[in-house]
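S.K.: Please find one structure pasted underneath; my questions will follow.
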Amino acid sequence: MPELPEVETVRRGLEPVLSGARLSSVRANRPDLRFPLPDGFVQRLTGARILRLDRRAKYILAPLDRGDTLVMHLGMTGRFEIAAPEGTVRPGDFAREVTPDDKHAHVVFQTEDGATVTYFDPRRFGFMDLIPTDRVSHHAWFAAMGPEPLGEGFDARTLEKAFANRKQGPKTLLLDQRTVAGLGNIYVCEALHRSGISPFKPSGNIAKKRLTPLTAAIKDVLAEAVEVGGSTLKDFAAADGALGYFQHRFRVYDREGEPCPTPACKGVIAREVQAGRSTFFCPVCQV
């Protein structure tokens, strides 16, 4: 599933085409994705102007001039194709370029400027909704979300409060969207390794002085991933078709059996299943 850097990469790819654009037509080729499309979806969007493109956690938000916000989530395999007057760019399929199958083209947006943005989703785990803009922060998807990890509201004090007296490992708590918004398995594994913290250590036993380096590692690994367009693994591609390259910088994720890259560490990267997900870590230098 695309994580925060991948979603931010898609948002940035869509922004030049959709931010400020008026939708001349909208077509929904089916009544549902993961969830049914909202009542009047096409009518409420047609003729509306998209004021800007935002991101909250793994959601792309498009506030409209009519008082609603279009909320989009990519799910597992959602992607966009942009066809502009200067040409069409098709998205890749993580590790290779593919031509999207038209049978998976579920929603098509056309702008007054002549651009067509098509949402493809073979597995239909993504979804779209229209929420009154002044109610977005109160919606069930967002009301309990923690701070954005790249924002000023996320710091060591956030983790100190979330970890206090908790027996769960830090990975489990960092994946909880109530702790911090948008973190996923890949980047939590990478940040914990950079900060030398075991994903299994009871969070309440982690010394407070270690939380500042952990916070910095989370911010650094996300910023680096956004800079290079996210990680190309299986289904993610940027809106302009570019593939992400952060996977080439992985230190532990999907590196089972390889030497730990930490200088002077003699450990070997291991993998264990934790809460149904693969956890990659160094059993020597992560304590």
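For all residues, glycine too, the Cβ spot is worked out from N, Cα and C.
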S.K.: Could you tell me which of the ranges 140-176, 251-287 is annotated in Swiss-Prot as zinc finger?
M.R.: 251-287
S.K.: Same DNA site as R123, R166 according to Swiss-Prot: which of H104, H138, H139?
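M.R.: Same DNA site in Swiss-Prot: H104.
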S.K.: On the DSSP side of things, how many residues of the zinc finger (251-287) fall into helix, strand and coil, could you say?
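M.R.: Once the DSSP states are binned, the zinc finger (251-287) shows 0 helix, 12 strand, 25 coil.
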S.K.: Cβ distance under 8 Å to R123 (DNA binding site), same chain, sequence separation 6 or more: which residues?
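M.R.: Counting only residues 6 or more apart in sequence, the Cβ neighbours of R123 (DNA binding site) under 8 Å are G75, M76, T77.
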S.K.: Fill in the CA-CA distance, K58 (active site, proton donor) to P2 (active site, schiff-base intermediate with DNA), as an integer in Å.
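M.R.: It is 8 Å, counting Cα to Cα.
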S.K.: Would you give the longest CA-CA distance, in whole angstrom, between residues of H104, R123, R166, the set recorded as binding DNA?
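M.R.: The two farthest binding residues have Cα atoms 44 Å apart.
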